[in-house]
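Okay, structure first, notes after.
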């Protein structure tokens, strides 16, 4: 009997393990891991590439960020509308192919630029090299737009459908996806950083291009498998009656607004003797843009979404600006990759904290606690501005470097000469250490807060508007991101970076103030209770929505 029980137990374990590794959830995790691995390698490397090509200035990285942010700002609602109006599988596969193809093209182009840079600088007074910069930024921008579509359809739509109506399952899937993000933040930059440090930038570009080519084929097959295992993905609520999909009064109002706008457009088209497709085609992107932003404003979670967007108005993140600044302060690609790994570990801690705090205190209180923790950690960054070794000096004109390049008073700088000067004049690492200590510690609260707002949007936006609302949310994020790149363009020199740090912390504080208003409006004085009676009832019943 003992042998029979042991055999049955082993058989059950094997079946359970097999079921997990063939489930739609695991396949989504695998596809997301491959996708984010390529994204993290590219996002880390492109900042280093641009600084290396243009010298000791953040100007080119800021222009790249400006173009990316402006494109998503203008096209976010239309991308979301495209996601809503087309079959899920078509959207996911198309965005995957476009994104990876553009990254591969950029990698090959950068390889050519690195290999022939000396000749390109002398050819037509450097104009050919400038054209190469424009091509790299433009193609990378298209890749980012495709990545935005992928993020909306997989992380904001497919995950919700696979999780079903279980709020706890949705929270677990969101947390797992975010942990995958952080793990790839540890491993991917470390790998490509070591390749660039011990190999060359040319080799780094080739490796990234080859990875994206292989990953694209595997991800394409994984998407098809998930689609087959989840029949609900074949059904979209876009053609259902709006009142059957509502979760709140404001969602009903925004949905009816979109439907009434569509009806008016069709009526006008018929009166003019034209079909709706013929007459509204040129102006449809503008109408979609306006309708999407109006619907977003009418949502219950408007203030929560705005609070998340305000966190993007910062230079205190591991984007191309912070990476470029650290590069000018004497930190090479290997050290930067290790710092990004530490940041990812901190983010994983924030993800784990999110799941624990949510179960104890509820979703809305989790955002309030996370925001407070993030703001306290960012005070270290403010202290770093005035610490020994800080390059902060407002007496240096922030326009000097920009004016010199525009007026042709000097040739395009070489990174080797500028970086050598940075290493020779560096006296203390105290300032940069405090800066990155604050940034890394703040990731705990940041990622927990991000997960909170993400799930609030997932649970309170109806399925037929999920793409548009998330597209507008991305636009809001990039609008504030755009402002921070404009700040850097106006003050690209490292001496003005301290001022940008102070402004960034101020915007983070304003964002959390808006979330506090949303949370207090939703819970009132119960916001300050660790676990209210309503939250205990929610834990026992586990309804699909969390308040």
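Our numbering is plain: 1 for the first residue shown, then up by one each step along the chain.
Heads up, the Cβ atoms here are built off N, Cα and C, so glycines get one too.
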Listed range which TrEMBL flags as transmembrane segment, given the options 247-273, 274-300, 301-327 = 301-327
Annotated transmembrane segment segment (source TrEMBL; candidates 405-425, 426-446, 447-467) | 426-446
Among ranges 20-38, 39-57, whichever one TrEMBL labels transmembrane segment | 20-38
Lying 6 or more residues past either end of the transmembrane segment (20-38) yet within Cβ distance under 8 Å of it, the residues of that chain are 96, 100, 103, 150, 154-155, 158-159, 162, 173, 176-177, 180-181, 183-184, 187-188, 208, 211-212, 215, 218-219, 222-223, 225-226, 229-230
Sequence-distant residues near the transmembrane segment (58-83) by C-beta distance (under 8 Å, 6 or more away from its ends) are 46-47, 50-51, 91, 133, 137-138, 140-141, 144-145, 148-149, 152-153, 157, 285, 288-289, 291-293, 319-321, 324-325, 328, 401-402, 405, 467-475, 477-479, 481-482, 484-486, 488-489, 492-494
Ranked by Cβ pairs within a distance under 8 Å of the transmembrane segment (95-114), the first of 126-146, 301-327, 333-356, 368-387, 426-446 is 126-146
Against which stretches of its own chain does the transmembrane segment (126-146) lie, if we need a Cβ under 8 Å and a gap of at least six residues from its ends?
-> 42, 46, 53-54, 60, 63-64, 67-68, 71-72, 75, 79, 95-96, 98-100, 102-103, 105-106, 109-110, 112-113, 117, 120, 411-412
Restricting to the same chain and to residues at least six past its boundaries, which positions have a Cβ under 8 Å from a Cβ of the transmembrane segment (496-516)?
-> 303-304, 306-311, 313-316, 325, 367-368, 371-372, 374-375, 378-379, 381-382, 384-386, 390-392, 394, 396, 398, 435, 449, 453, 480, 484, 487-488
